[in-house]
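Take a look at the structure below.
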Amino acid sequence: MIKITVPATSANIGPGFDSLGVALKLYLTLEVYEETSEWQVIHDYGANMPSDVNNFIVKTALLLAPNLTPHRIVVKSDIPLARGLGSSSSALLAGLAMANVLADMRLNNDALLKQATALEGHPDNVAPALLGGSVAAFYDGEQVYHAPLSLPKDINFITFIPNYELLTTEARNALPAKMTFKDSVAASAISNTLTAALNAGDFNTARVLIEKDQFHEQARAHLAPHLKIIRDTAHQLEIIGTYLSGAGPTVITLVSKDNATKLLKVLTNMALPGKLLLLEPDYTGLQITKNN
């Protein structure tokens with residue numbers, strides 16, 4: 001049996017639109033068993049999720065290795081679908097990794113990242129999911145350029161997952177068609193300074209900049225009303241660092257372990273319609289183990 005584990009991811013981290021992301025300790029697991037005459041995909045997603053060759057993971061694997069022998073596979077995931085936690089990226093990477101192993105292609109991480117980004121269109125989820133930790137990345141249509149970001153050792157991610165889905169296409173359609181040159185410069189400067197602050201270990205600056213996005217959050221605010229609610233609540237506790245995870249609707253607040261309990265207690269008492277999780281960064285990324 002081959003076991004492939006891929007972490008959830010939170011993209012953008014505020015102003016790092018389509019370029020910054022972090023892996024979180026919430027996982028999709030793919031178990032690959034015996035060869036079969038046709039692909040068999042066992043999962044608990046319900047009847048709307050294909051259980052044969054039309055499954056997204058299998059289709060992704062066949063894009064990389066079209067002649068791949070069918071197998072029986074089992075998919076388990078704690079990553080909710082269409083919530084802004086990289087569920088599609090984790091599934092995509094699981095499919096590519098399965099093809100890489102079964103077809104003995106021996107692609108390294110750079111090659112896998114290039115394949116994944118070409119399929120996904122941007123690297124902010126697939127890069128941290130593959131490599132672990134927090135990553136800044138850029139794709140020019142041919143190559144993926146990436147570098148790690150530093151996170152405080154005691155950082156926690158208070159994660160509110162609303163009880164409704166938000167498709168990426170809907171969230172993308174909410175974005176402005178263009179920005180003025182002046183606004184683009186300002187938005188880019190905020191993202192650049194956030195990256196520098198994180199790598200300098202200046203979390204006091206970083207957490208302020210996390211809330212100063214000018215690329216997407218304002219345009220998507222009506223799709224994720226809990227962003228303002230949670231941010232305002234955190235501010236009342238003098239906690240700064242709340243942002244919309246990926247395309248939303250999940251909302252994340254970066255906090256120290258000391259502040260995590262305080263904010264989590266208040267948010268729990270608010271009984272928001274969704275799930276609250278206290279997550280830590282995943283620093284290992286995609287993992288593959290083989291058991292005879």
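Placement of Cβ uses the backbone N, Cα and C atoms for every residue, glycine included.
Annotated ATP binding site per Swiss-Prot: PRO80, LEU81, ALA82, ARG83, GLY84, LEU85, GLY86, SER87, SER88, SER89, SER90, in sequence order, evidence recorded as sequence analysis. Within its own chain, ALA82 (ATP binding site) has GLU165, LEU166, LEU167, THR168 as residues 6 or more apart in sequence whose C-beta sits under 8 angstroms from its own.
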- Item | For GLY84 (ATP binding site): intrachain residues, at least 6 apart, with Cβ closer than 8 Å | SER10, ALA11, LEU166, LEU244, SER245, GLY246, ALA247, GLY248, PRO249, THR250
- Within 8 Å of the Cβ centroid of PRO80, LEU81, ALA82, ARG83, GLY84, LEU85, GLY86, SER87, SER88, SER89, SER90, the other same-chain residues by Cβ around the recorded ATP site are ALA8, ILE79, GLY246
